[in-house]
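Asks: According to TrEMBL, the record shows the following:
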type	residues	note
ACT_SITE	C158	active site
ACT_SITE	H193	active site
ACT_SITE	S210	active site
COMPBIAS	1-10	compositional bias 'Gly residues'
REGION	1-43	region 'Disordered'
Amino acid sequence: MTGAAGGGGPRRVSAAAKGGGRSRSAQPRAAGSGGGSEEEEQRDGGVLFLVNKSGFPLDGQTWERMWGHVERVHPDGSAVAAAIRSAACLPSVPPVPNYKLSMSIPEWLQAIQTYMKMLQYPLHSVHCCKEGLKAFCLCPRLMETAREMTRESLPIKCLEAVILGIYLTNGQPSVERFPISFKTHFSGNYFHHVVLGIYCNGRYGSLGMSRRSDLMDKPLTYRTLSDLIFEFEDSYKKYLHSVKKVKIGLYVPHEPHSFQPIEWKQLVLNVSKMMRTEVRKELEKFARDMRMKVGLVPGFSSRISPSAWETLEFHILSLGLFSACFLALDEGGQRRLLGLKLWGCCTAPN
């Protein structure tokens, strides 16, 4: 890679320079070769492109050299640069929402969803966020990815929206978050989608991102989990999608440094082969069990799947039992009690 002016990048060497040993700057200019272009090339060190060495934010000299480079290499460089630099309505970076004590939970969730919509959904197949985002990563890694989303302000897809929603609602212990995944069929192809389910004060709703406005966020007004799922199913029917499977995960811990990975599919329903009454019965039983287990073990769920147990067991063995279980606590007595309780309830499944 070549450097900017004054850098140590490689220089082009002409045939005369090879023979006579003279540098490029000592070579005479050919007649009619365009002295202005040669001067600019000399000033920029003969590089093919510019490299920012001043860091961010850009300093004035680097900023002007960048626009000068655009004017030289673009066919309509001067007109394009002038149009962009004189534009009055350039897109701005959306500010990250801040929770205020005067805000209600529905208002806070609406502020989060509005922020996600300002980031927009990408209309291409390329993920704009950090490469390597894996759904099975531990919470600290996912929360760091969410912080990068807020810094970069790039478009996000459904999975990134779920992680970002978890990150922005971590400070609200009364808001329970859980993933909801859908597998649908349309025109011979299968499609997958995920949203973040919300439960607060006896009502269900959701946060998320989608190309379709009725397949992402839902207001916090649904009395039961089955009502929320059936609302998504009805929305899919508008686009001629048939829902094949619905997967419901466990409540996500509010502790951002928890070593428990997100459980994405604690309940899997093959809704295409079930009656709505059967689906409602299974969903309500699962929702009841989830509500009853809230608060038994702070920061952890008492139901751990085999895959989640293996990951948790690995970190307990690698970091030590008590260091893994007591990471977020301060008081010595609470540490000892929570550690014994966690070790007693998190028994390996059969």
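Cβ coordinates are placed from backbone N, Cα and C, and glycine is handled just like the others.
Whatever TrEMBL says is automated annotation, not expert-curated.
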Asks: With a 10 Å radius around each C-beta, find which of these active-site residues (C158, S210) has the fewest other C-beta atoms nearby.
Replies: S210
Asks: Taking the Cβ of H193 (active site) as the centre, how many other Cβ atoms fall within a 10 Å radius?
Replies: 23
Asks: Fill in the CA-CA distance, H193 (active site) to S210 (active site), as an integer in Å.
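Replies: Rounded to a whole number, the Cα-Cα distance is 8 Å.
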